[in-house]
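Taken verbatim from TrEMBL:
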type	residues	note
COILED	19-46	coiled coil
DOMAIN	72-409	domain 'UDP-N-acetylglucosamine 2-epimerase'
ACT_SITE	Asp552	active site
BINDING	His604, Cys614, Cys616, Cys621	Zn(2+) binding site
Amino acid sequence: MFPGTEGRNPHRLTERSTHELYYLNVQRARERLEKMENNGKRKLKVCVATCNRADYSKLAPIMFGMKANPDVFELEVVVLGSHLIDDYGNTFRMIEQDEFDIGSKLHTIVRGEDEAAMVESVGLALVKLPDVLQRLKPDVLIVHGDRFDALALATAAALMNIRILHLEGGEVSGTIDDSIRHAISKLAHYHACCTRRAESHLIAMCEDHSRILLAGCPSYDKLLAAHKRDDYADIIKAWLGDGVKEQDYIVALQHPVTTDIKNSIKIYELMLDALISFNKRTLILFPNIDAGSKEMVRVMRKKGIEQHPNFQAVKHVPFEQFIQLVSHAGCMIGNSSCGVREAGAFGTPVINLGTRQTGRETGENVLHVRGADTHNKIYHALELQFGKRYPCSKIYGDGNAVPRILKFLQSINLEEPLQKTFCFPAVKDCISQDIDHILETQSALAVDLGGTNLRVAIVSMKGKIVKKYSQSNPKTYEERIDLILKMCKEAFIDAVHLNCRVLGVGVSTGGRVNPQDGVVLHSTKLIQEWSSVDIRTPISNALHLPVWVDNDGNCAALAERKFGHGKGVENFVTIITGTGIGGGIVQHNELIHGSTFCAAELGHIMVSLDGPECMCGSRGCIEAYASGIALQREAKRLNDEDQLFTEGMALKKEEPVSAVHLINAARLGNPKADAVLRTAGTALGVGIVNILHMVNPAMVILSGVLASFYENPVRQIINQRALSSARDIQVMSSELEEPALLGAASMVLDYATRRTY
């Protein structure tokens, strides 16, 4: 242990102490080497497995390094994957030309170039590899990168107790390659990474940092030493023809994105169109063997690229010559890792199309066109980049990776246990469960802040309200917060006696809410002193529980999604018809909040330019026609004109006129009251038609005290005014008695079952 590090968490070592630890390990490795030499220990048997032209460019420098040290290393070479396929250039021949003895050639590719073929290829490799590895019995297997072939290699070696050195782990590229790369890292025992960020990622993934080497990229060793060859003009001429000058041609190399094949083929087609329009000599390489490559080749041939006078289409270029071509190009375009890695060392301008490499570290030479959805956008990128030169970048290496890796290999102690260990961050000790804990009912505290009442409930996982509390909602902020905390604490204590384990607190409130921060941004006029209020912090601090907050309309939608008609429905809309009009929209099983948390303010959809004034300050909103407040306003107007009450109706002493009186009057045949309700139903129906035409839900759920009254009028308006394709929509009244409380509880309960809210 270094001085000054006693008692510190080893996972929080400073960058300086990490370096010190690395160099200490190197020193120990050197001492072991000396001891090995003194004892005459056998050579380290290393198997290098290469799958394609790209990974060979990274592995070859290491192979040459081991070949130059025959007293230390015994090299075995295994070739598989697209190396052995004629359509991809039979690139195993360049390994033979480099005078390496290939110990095994495994035909592992199932043709088809789709997702299923990739899976079958992994399976075929796993069937063939055990015999080879059993015969070779290597001490270490070197695996590169993030290809599906490499995943098969790492899986086989790990299961056969062979130590694995993974090259270029910890990087992020933004596609399925990330998943494969990280999976190989978890199988590998040792890591040689290229950048400081990749090293940090591996440490964050709990890999033992004493087994991580920050080496740089092996291809940079050859690249930085050889890219200034004097014969580059001859190489350009050989591949692109006479008359093509330095920096006056383009290198194009694009591969499929297996998680979005359709879009990557579209981008490929747009790239070809842009290159044809740009009218510059172009060396274009065929894509790799990933799913979607067959379709890309079909697009290339459909456009006649192989016969086009401006294009030279090739399957493979030897790495040393490819270096020259990229180094002296006017631009490189596509989504190959070469563009964001090797090209930076030359300052060659690069256009990276789509998402395949957007997670990687790049120099200033790379122009990303992530949304490469038009010919003009790609063409404009070519205009911006072609012919420029940028400062050389050495993010991925300084030319000394191979010596570092060879020294790292020699430091491996074969006497150490093979079982790899992970450096997990410190966590609390596990707490044993007892039967009482198991029998507890998982529950949530739900809070509903209405304009009149403040309610709290204990709600079980199945949506049962175990106990409910209600008091009048205070008028001031301080009194309201105090009462919320008091009621929550009381409910929390009662939950213990009721054998309920409270998982968190959900709060439903009127107004506009930022659910991410738990802040009420703007409230309704019904709830005074309730704007710019952080409601999450005081509740969480008092109860030491997680707290969720959302608008009451959104909560009603959440309640339907978990407990009501919306359960299992991917797209639906909930409309609350009560004192006000609100609601929530669920699309693809997710609640829509909008960029400023103003989505689904359904009560403020305008259905008239000159309608009655709404509480929001506008006119003609649904709420101004169909809410309980609007109906009460019209009831008072008719009562003042002595046109409300009919035979069989009477107003009790000091009883206020309400919407209920208006509805009863209409049922008893009052034409004035009936006209008001028909207008209200029409306004609500027209608003819902607008919603149908905008988001096209599968279901509309009416919630609140007026829901059953409005159900038939809304159906009629939809049949009269909606587009024919939207008329078959299901319109249903909610069967939930407490949608606001249940919705508030569902935020907590969904978290407990690991659903994303």
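Start at 1 and count along the chain as shown; that gives each residue its number.
Positions of Cβ are set from backbone N, Cα and C atoms, glycine also.
Annotations in TrEMBL come from automatic prediction, not curation.
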Query raised in the report: Near His604 (Zn(2+) binding site), which residues of its chain come within a Cβ-Cβ distance under 8 Å, counting only those 6 or more away in sequence?
Result: Cys614, Cys616, Ser618, Cys621, Ile622, Glu623
Query raised in the report: Which of Cys614, Cys616, Cys621 (the binding-site residues) has the most other Cβ atoms within 10 Å?
Result: Cys621
Query raised in the report: Within 8 Å of the Cβ centroid of the Zn(2+) site residues His604, Cys614, Cys616, Cys621, which other residues of the same chain have their Cβ?
Result: Glu601, Gly603, Met606, Met615, Gly617, Ser618, Ile622, Glu623, Ala624
**Report entry** Per-residue pLDDT averaged over the coiled coil (19-46), given as an integer
**Finding:** 62
Query raised in the report: Which residues does Asp552 (active site) neighbour through Cβ under 8 Å, counting only same-chain ones at least six apart?
Result: Asp448, Leu449, Gly450, Ser508, Thr509, Gly510, Ile576, Gly582, Ala740, Gly743
